[in-house]
């Protein structure tokens with residue numbers, strides 16, 4: 001139990017309400033979660049000792065599938081070769097599936113305690129405990145046993161309970177007793193599922209209420225408990241359970257069924273309870289540009305942010321009051337493509353344009369002046385970025401090159417290097433937050449890493465994980481993780497390793513020099529929720545990341561508290577700029593986010 005991150009009880013006051021069916025579908029839906037960066041590892045503990053149903057639900061012959069003993073403890077029965085869903089039930093320990101269990105309370109309690117203490121689950125994201133009906137010895141024993149278990153990877157012994165009922169008044173009456181049990185045992189109730197809520201005709205797929213309906217929702221409203229959703233009776237689901245075999249088990253079949261689609265919103269509501277649902281609320285919409293907003297950027301020290309637009313202007317705002325401070329106009333002859341603040345304690349803004357130039361703008365006394373103009377690119381400048389100390393400025397262009405400029409003592413600029421390893425347009429450049437390490441992403445689908453080797457800037461690593469244009473790159477604030485996004489909506493997380501480590505050798509992404517120390521490997525791929533190109537990425541901190549792109553969504557991701565290799569979708573804000581694409585986002589601090597879109601607005605959001 002020390003590696004189990006979440007523990008969930010599934011309860012019902014009455015037998016025959018389909019509690020094991022709900023347990024099974026909850027487990028399968030969690031495993032195939034669309035909002036996590038990988039399939040979740042699930043365990044199901046069946047403590048309905050006199051009527052174990054879980055082996056049957058997963059098509060396991062209890063006389064063929066047996067519990068194995070190891071030095072670490074009992075090894076669960078797994079549903080397939082992936083070992084991502086493990087099962088533990090008394091049914092796997094009985095000599096025959098026909099044997100009855102005629103045990104008194106003390107023996108049942110001893111068996112449950114042994115299940116809790118002796119089963120070696122390994123790393124689990126969720127342990128779901130299928131309980132018998134009522135509020136008897138089994139319930140008291142499982143709660144007491146779990147309270148005695150400690151773990152560094154979960155916040156408490158029990159995350160909460162899911163109540164299962166059918167629509168009829170008799171079933172909901174018994175659930176009220178289960179609610180009272182949870183209150184007395186100080187167990188949080190995550191919500192109620194109304195099972196058998198209608199019957200799906202196998203011929204026409206119409207749903208008919210063969211019982212009454214709405215009893216679960218009425219009960220939830222009465223006790224102010226979340227209502228997770230309703231599940232109808234589907235004969236095809238029952239047939240699928242009965243017809244399982246070694247090649248067509250439930251864990252492989254279920255994700256493609258209509259029932260999985262029915263259960264999806266229930267799991268969404270479940271996650272909202274587990275993770276204390278967050279939201280992104282609109283604070284203000286700032287207009288003034290006469291064309292699309294290509295770029296927004298927040299000053300790292302001062303309360304300022306800037307927006308650059310197709311209308312060739314830059315608007316600068318106070319990020320605390322959201323008042324317009326200044327408009328930079330008249331220098332660039334084409335669209336302003338990117339703006340970037342120099343990381344110093346005075347307002348200096350670099351502005352890149354489709355006219356092929358970069359202007360450096362600084363507030364001197366009470367006015368803004370263009371103090372430098374950088375020329376050299378043969379085509380549109382697509383992105384600019386300052387190094388962490390502000391002594392280097394990187395620029396990239398449609399001309400396939402990356403330029404590195406160094407600032408002199410009198411704030412002039414010298415070109416230090418022209419990097420030409422990319423074979424197509426270079427869309428983005430980004431610096432490591434504490435090292436002079438530059439990365440660039442291109443239309444050629446690659447990510448290049450650049451360092452000063454003492455004589456010149458050299459290509460130290462090239463990643464080829466993407467299969468389409470790399471539009472966005474951003475290092476986490478600590479620099480431990482690089483995030484990248486492409487034209488197909490894929491977002492990948494990369495972490496640095498070393499060539500003398502087996503992982504770097506076996507899973508090398510460095511196609512240039514596998515033995516070089518600059519070795520980066522993919523540690524996760526975020527859930528694919530964007531329907532199109534992802535143009536912008538922004539970190540709030542090492543555990544919270546936002547993305548936006550051509551589908552008009554702003555998506556916020558969060559890593560699991562005890563495992564930063566697992567990421568989940570926390571917020572999916574659709575139509576954030578109505579029907580328009582979003583080109584750029586940036587965190588302003590204090591949980592505020594600014595976004596710029598094709599509607600010409602900069603919108604301010606608050607993360608609640």
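Every residue, even glycine, has its Cβ placed from backbone N, Cα and C.
Going by TrEMBL, these are the annotated features:
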type	residues	note
BINDING	13, 14, 15, 16, 17, 18, 19, 20	ATP binding site
BINDING	201, 204	[4Fe-4S] cluster binding site
REPEAT	286-327	repeat 'WD'
REPEAT	374-406	repeat 'WD'
REPEAT	419-450	repeat 'WD'
REPEAT	463-494	repeat 'WD'
REPEAT	593-608	repeat 'WD'
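Features as recorded by TrEMBL, highlighted on the structure.
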residue : record                        : Cβ within 10 Å
13      : ATP binding site              : 23
14      : ATP binding site              : 20
15      : ATP binding site              : 13
16      : ATP binding site              : 10
17      : ATP binding site              : 25
18      : ATP binding site              : 19
19      : ATP binding site              : 25
20      : ATP binding site              : 22
201     : [4Fe-4S] cluster binding site : 11
204     : [4Fe-4S] cluster binding site : 7
Env. residues of ATP site, Cβ within 8 Å of mean position of 13, 14, 15, 16, 17, 18, 19, 20 Cβ: 12, 133, 164, 166, 171, 195
Residues of the repeat 'WD' (593-608) by DSSP state, where helix covers H, G and I: 0 helix, 11 strand, 5 coil
Nearest-integer angstrom distance between the alpha carbons (Cα) of residue 20 (ATP binding site) and residue 204 ([4Fe-4S] cluster binding site): 27
Rounded distance in angstrom between the Cα atoms of residue 15 (ATP binding site) and residue 201 ([4Fe-4S] cluster binding site): 25
Spatial separation of residue 201 ([4Fe-4S] cluster binding site) from residue 13 (ATP binding site) - C-alpha basis, Å: 28
Rounded to the nearest Å - Cα separation of residue 14 (ATP binding site) and residue 201 ([4Fe-4S] cluster binding site): 26
Nearest-integer angstrom distance between the alpha carbons (Cα) of residue 201 ([4Fe-4S] cluster binding site) and residue 17 (ATP binding site): 20
Residue 204 ([4Fe-4S] cluster binding site) and residue 18 (ATP binding site), distance between Cα atoms, whole Å: 24
The repeat 'WD' (419-450) - residue tally per DSSP class, helix then strand then coil: 0 helix, 17 strand, 15 coil
Residues in the repeat 'WD' (286-327) grouped by DSSP into helix, strand and remaining coil: 0 helix, 22 strand, 20 coil
PLDDT averaged over the residues of the repeat 'WD' (593-608): 97
